[in-house]
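These notes are about the structure you will find just below.
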Amino acid sequence: MNSPFHNIGIVTRPNTPDIQDTAHTLITFLKQHGFTVYLDEVGIKEGCIYTQDTVGCHIVNKTELGQYCDLVAVLGGDGTFLSVAREIALRAVPIIGINQGHLGFLTQIPREYMTDKLLPVLEGKYLAEERILIEAALIREGKTAERAIALNDAVLSRGGAGQMIEFEVFVNREFVYTQRSDGLIVSTPTGSTAYSLAAGGPIMQAGLHAFTLVPICPQSMTNRPIAIPDTSEIEILVTQGGDARVHFDGQTHIDVQNLDRITIRRYRNPLRILHPTDYQYFKTLRQKLHWGEQLV
């Protein structure tokens, strides 16, 4: 096959029904068309891939996929997709999702049509979409204590004590407000259909260059979501945090102390997501959010 891709990485979601059969179909398909296949070692350890399917494949750590592959295919749900996206963002390697989960905003190709949808993509017939990511730093006593990136959102939230937290928000060093609430969601357009949407935030079209600041149960009802350009730098000063944390895509977190500062900006590399040529963003929203359907 005359393809712009040569080395294809595969990441699988553990504890997923029929994942071995789906992986078998994909690996066999790629080998038959002459691609070099790289497998995430965790998927093998978790029994997601038949032993015989590993023959002739390279087995690597998920963090190495961006180093060796020019395309990564995710077999799973949006959670698996998010975890892989953060790992490969450094290398700017494109990613494509095959849905083995439930909602599937990011992993959109149905597994039953997987090879039919992938063949044109591997031949170079696809739609490419760039999504911005968040880069966050935790500043403690004037020094950077932690760094993290996220595709969906960075969420400052109260901890297990259940008490409201208090913090100040700045955008480009300009004071915005002091807020008492259960927390604050800083969302990308990709994350606008996730936690942000559940908290009352707006849906932003995926290619929009913006962030939203979405309060979580604010004490003041006048605290509403705010949209800002993605060229902005956001700073959050935690004044009364208790056992607050900052969560990234709901998968990793950093513990926060009083007077910690969290700075958030756009990550230097966008994530490049590939879609079949019949992909339509608003069609996806209609299907996933059940717009225009008779519900009763």
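Residue 1 is the first one shown; counting continues down the chain.
Cβ atoms here come from the backbone N, Cα and C positions, even for glycine.
Swiss-Prot names Asp78, Gly79, Asn152, Asp153, Arg180, Asp182 for binding NAD(+). Of Gln251, Gln257, Gln280, the residue it gives for the same site is Gln251.
In this structure the C-alpha atoms belonging to Asp153 (NAD(+) binding site) and Asp78 (active site, proton acceptor) are separated by 13 Å. Neighbour density at the Cβ, taken as the number of other Cβ atoms within 10 Å, is lowest among the recorded positions Asp78, Asp182 for Asp182.
Reduced to three states, the DSSP call for Arg180 (NAD(+) binding site) is strand. A separation of roughly 25 Å, to the nearest angstrom, links the Cα atoms of Asp182 (NAD(+) binding site) and Asp78 (active site, proton acceptor).
Between the CA atoms of Arg180 (NAD(+) binding site) and Asp78 (active site, proton acceptor) there is a gap of 31 Å, rounded to the nearest whole number.
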